[in-house]
Structure formats: C-alpha cells, structure tokens
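According to Swiss-Prot, the features are:
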ACT_SITE  23  active site
ACT_SITE  151  active site
BINDING   109, 110, 111, 112, 113, 114, 115, 116, 117, 118, 119  ATP binding site
C-alpha cells in the first residue's frame, strides 16, 4: 500500500516494529521548581532491553491497542495519545500527507515511572523515521521529541545518558560498566501519575548528582521522588526494601516518579533467584526480568 508521497508500507506479515525500551532513572535529583512549572533535575537515564512494542501498518490512521496493559488506555482519546502526536509530527517532517496506523502492544504498566507514553512516542519517532529516511539523531527529530515530553529525547536515544534541566538536556557518558547488567523491575500494581508526586516533594534541594562513572554516581545518589511517592503509596517502600535485601543486589531504588522499582544484580542467577523470591512472597506484583542496554 502506498501512503503519502509514495512511501510503500510492507505487507501485513512484514509490518515494521520497534521496541519502546523501558526507561530507568538510576538516580534522580530534583534541584528546584522552574518558572515554567517544570523542575530542574539531574538524572542518569538507563534503559532495559525490553518494553512495549509499536508497529506501523497501512492506514487509515488509527491507534490499535493490544497487550496486558491496553485496558488502562482504552478510555483515552487516541488523538491525545503521545504515540499519535509523535506520528503526526514525524509524518509532517517527512512531508507525508497521511499517517499509517499504529499498533501499540502495551506490555509495561501505565503511569509507572519507566517511560510509558514517552518511550512509546520515542519508538514511533524511530520507527517512522527509519521508514521515511530520517535519522533518530536528526536535530529536527530531537526538537520534536522535546515538544512531546521532557523524557522523550532520552527515550529516543534509549542509551545511558545524563539528563539535566527538565531532563531533556542530554550528555553522552561512557557506561560500559552498566551494559548488560541483570535487571529486575517490580511494580506493586499502583498507577502513580507524576503530578501528585512532585506536589508532595518537600522542595528541599539535597545537592547535585556526582560526576564521573555513572554506576558510582548512581550508588552515591538518590531518587528525590521516592520519599513523596512512598508517602502517597507506602507499598513502594516495601518493594524497595525487599529488592535491596535480595542476595547479589547492587542497587535498589524507585524509578522516575514511581511506582515501579528496580534492582541491578551482579549475575543473572542472583536476579532470577530474586524474581522467584518476590513471586513467592508477593505474587500479585508485576515483575520483569531484563538487562540494561
């Protein structure tokens, strides 16, 4: 099928797909509230090897939802979804008059502190950019990404980077020591929008993120949103405590504004043992075993 200015989409069995890699904030320091209502932050973004899956299919333009967490989005206006806004913007950059249909396989919890809509939108930018011959690091794509959300530029890159200002000023860093580290994500099945967590933050600037090696900086750092999120949902503290107590855990912390928490491990055996232990103790919690990209 030909779409827009002559782009031919693959047949149904060959629909291109892209992973919307789960985002992890290894550390997140909130420095101050800005005049525009956002907050200046310092963070280390990292990404799991797994996430939601987006696919582009022949039109008409529409958003099709699938996956275990699709029901959480079912009541939303598709045109308000970041995925469709990303598709609109990328097609405009490419000079395409028509959008393809987008299928979103929602495998990660919603409002969970691991990228969610930002990662999905970023995956669409990469996917359609590849189809239309526009590189993901094209300045126009990164500018578009920043208009969609503060985390979207980092999610477009989906590599370990430092983030400053709103989180959209990115600095490339050497992260060889993080690549491939076994990772366990746990969510107590609590949806936690960002706004209430920032509103509960005590507005105390506890200092900058340390420079240098990202793992060392993360270990010396903190997530300033973990305390207010835990005030809102004390179960988050239980998740972090259980993760930190697992043998072989290197770092356990809440990601983003929650409620998903993570632990990094020195070996896949330790990670898998922790996964089994948490499954036995709290079978109702959502879990994902992965590795850092």
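Think of each number as a place in line: the chain as shown, counted from 1.
Backbone N, Cα and C atoms are what each Cβ position is placed from, and that goes for glycine too.
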Other residues, Cβ within 8 Å of 109, 110, 111, 112, 113, 114, 115, 116, 117, 118, 119 Cβ centroid (ATP site): 22, 23, 108, 256, 260
From binding-site residues 113, 115, 119, the one whose Cα lies nearest residue 23 (active site): 115
Length of the line joining the Cα atoms of residue 113 (ATP binding site) and residue 151 (active site), in Å: 11
Three-state secondary structure, residue 23 (active site) (per DSSP): strand
Between residue 119 (ATP binding site) and residue 151 (active site): CA-CA distance (Å): 8
DSSP three-state assignment (helix, strand or coil) for residue 117 (ATP binding site): helix
For the binding-site residues 109, 115, the one whose C-beta sees the most other C-beta atoms within 10 angstroms: 115
Among 113, 117, the one of these binding-site residues whose Cβ has the fewest neighbouring Cβ atoms within 10 Å: 117
Site with most surrounding Cβ atoms, counting all protein chains shown within 10 Å, from the binding-site residues 111, 119: 119
